[in-house]
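Participant: Have a look at this one.
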Amino acid sequence: MRHRLRDPVTGLLFVLPMLVLFLIFRIFPTLGAAGMSLTNWNIGGEWSFIGADNYTRLVNDPNFWSSLRATMVYTVIYVPLVMAVSLGTALLLNSIVFLRGLFRGMLFLPYVTSFVFAGIIWRWIYEFDGLINGVLAKLDLGPVAFMERAELVLPALALVSCWKGFGYSMLILLAGLKAIPGSYLEAAKVDGAGPWQRFRGITLPLLKPALFFVLVIETIASFQVFDTIYVMTGGGPAKASYTLIYGIFERGFRFWEFGYAATWGMVLFAVVLVVSLIQRRFVGKENT
Amino acid sequence: MTMTATRPAATRVRQGATPRRHGTRWALYALLAVMSLLTLGPFIAMVIVALSPRGEPTVPVQWPDSLTFDNIMQVLNASGFVEWTLNSLIYSAVSVVIILLTASMAGYAFAKKRFPGRDTMLWTFLATMMVPFQATLIPLYVLVSDFGGADTFWGLIVPTLANSQAVFLMRQFILGLPDELFDAAKVDGASELRVYWTIVVPLTKPILATLGVFVFLWHWNDFLWPLVISQSDATRTLTVGLTVLKTEELQWSMLMSSAAISAVPCLLVFFLLQRYLVNSIAMTGLK
């Protein structure tokens with residue numbers, strides 16, 4: 001205790017490398033994003049302060065609204081899908097003992113690969129002469145152009161992200177399930193509660209914190225989808241998969257409108273902030 | 001990041017051990033087998049396509065008459081591919097080393113030191129975790145390229161080293177180490193660097209290893225930042241390189257071979273450290 005009080009300099013010195021990295025590459029760009037969104041900054045580095053013009057432009061930009069809509073639709077498809085798959089597989093894994101490790105490993109495997117990798121593999125799976133259409137052809141069913149039909153492209157992309165990522169949520173939920181005392185379930189069983197009643201009455205309420213954590217991280221992840229879209233659709237067809245991040249990327253690095261791209265970034269920030277704050281509020285309540 | 005507590009193995013209740021009808025048991029295994037097949041299917045299909053001679057029908061997945069490594073060899077000989085792989089290795093390995101070092105130093109100070117502004121700094125680190133990287137992409141790119149960092153290794157690596165999750169993980173772990181250890185070392189007259197190197201580093205080895213694996217995977221699989229900052233083969237990483245390949249007229253067998261090769265390090269890490277990876281996610285919520 002004594003030496004800590006005596007020696008404030010070493011503490012600072014140890015934090016310094018990370019602190020410097022932080023100030024330059026996290027804090028400064030965060031403040032910079034807010035500032036930049038009020039300018040017409042372009043590729044030449046010339047800029048002038050234009051106040052809220054970018055924000056006015058944003059609300060009048062049909063591209064922005066369609067991208068927000070695409071992002072929301074994607075989230076509404078992806079989040080329930082990944083929650084259902086990760087909860088289902090976690091429950092399955094939790095009710096077996098023999099070969100549990102093997103199954104857990106196989107289900108988790110895609111998680112360690114990249115979204116670019118997943119995008120390439122699945123582009124081939126969805127291709128006109130790809131895996132799914134090959135199977136459909138065997139069944140004498142017509143080919144489906146997954147990547148060319150506006151109403152199919154977001155569900156198809158959500159499926160890819162679910163395939164690649166559900167293992168992580170599955171593990172979090174599995175840890176939550178393991179933490180539920182078996183005696184509770186036994187007692188309920190003795191009292192004559194069926195499997196469904198035990199799930200509703202005991203497992204689900206006790207799993208709530210883990211479920212909520214997974215819900216929040218998957219919601220945030222779904223707002224940040226980009227790699228698979230870049231690889232698989234390029235925002236198409238007809239902007240059906242043109243999401244917020246794709247908008248930031250294209251505004252910034254195709255049209256080189258840095259100021260306006262930063263404005264799109266602020267919207268993403270706001271959305272993620274709201275989701276995080278809701279999480280903090282609810283998790284806080286869970287803990288008290 | 002939440003700390004999801006797992007029960008120690010000894011007290012774990014084996015729910016599967018309760019008597020159950022055989023039919024249910026078989027149904028559970030059948031369902032798991034189907035799920036696993038759906039998860040592994042794309043990998044298996046990829047390997048088959050990658051190893052099939054070109055032009056041979058592979059859809060729907062059927063074992064080709066003969067297997068060939070021609071596609072793999074051709075990818076390895078293709079311009080850029082080996083260079084991109086090396087770039088990815090440099091990007092990942094350098095990041096792992098520096099992040100482990102800086103994050104464990106900062107974690108130690110936050111956990112066991114008192115200095116002015118400590119709690120404010122810690123709070124700020126925590127707050128920045130809520131800012132999505134993509135929201136700061138544009139100013140970060142402008143900043144780095146203004147300092148001549150576009151298409152350089154430092155421009156690629158240095159901005160990704162500010163990793164608050166790593167700092168927090170280290171802090172949480174070091175908080176749990178007993179104060180007496182550090183006091184005793186201090187009484188013995190050990191310098192701060194010595195305390196760090198002979199107490200903090202050895203005692204945090206398990207968490208350093210876990211973090212190292214995750215940082216490696218994050219960087220190896222990273223895409224958006226390398227995409228905007230690397231402009232030539234000199235700094236282009238494998239993930240970005242794969243999307244460059246895509247645009248050229250390429251056969252699927254070649255593309256699948258490239259994808260397969262790109263996943264090898266991740267799959268190796270996975271097979272060697274599976275149990276370890278899985279447990280650390282459950283315990284620390286590392287993403």
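Using N, Cα and C of the backbone, Cβ positions are placed for all residues, glycine too.
The domain 'ABC transmembrane type-1' annotation in TrEMBL covers A:68-279. The transmembrane segment annotation in TrEMBL covers A:12-31, A:72-93, A:105-125, A:152-175, A:206-226, A:258-278.
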Participant: Considering only Cβ pairs under 8 Å, which range in A:72-93, A:105-125, A:258-278 makes the most contacts with the transmembrane segment (A:206-226)?
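Facilitator: Per the Cβ count, the answer is A:72-93.
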Participant: Counting only CB pairs under 8 A, let me know which of A:12-31, A:72-93, A:152-175, A:258-278 has the most with the transmembrane segment (A:105-125).
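Facilitator: Per the Cβ under 8 Å count, A:152-175.
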Participant: May I ask you to check whether the transmembrane segment (A:152-175) and the transmembrane segment (A:72-93) make contact, with contact taken as at least three Cβ pairs under 8 Å and only pairs 6 or more apart in sequence counted?
Facilitator: yes
Participant: Could you pull out which residues elsewhere in the chain have a CB under 8 Å from any CB of the transmembrane segment (A:258-278), counting only those six or more residues past its ends?
Facilitator: 32-34, 36-43, 47, 50, 54-55, 57-58, 64, 68, 216, 219-220, 223-224, 244-245, 247-248, 251-252
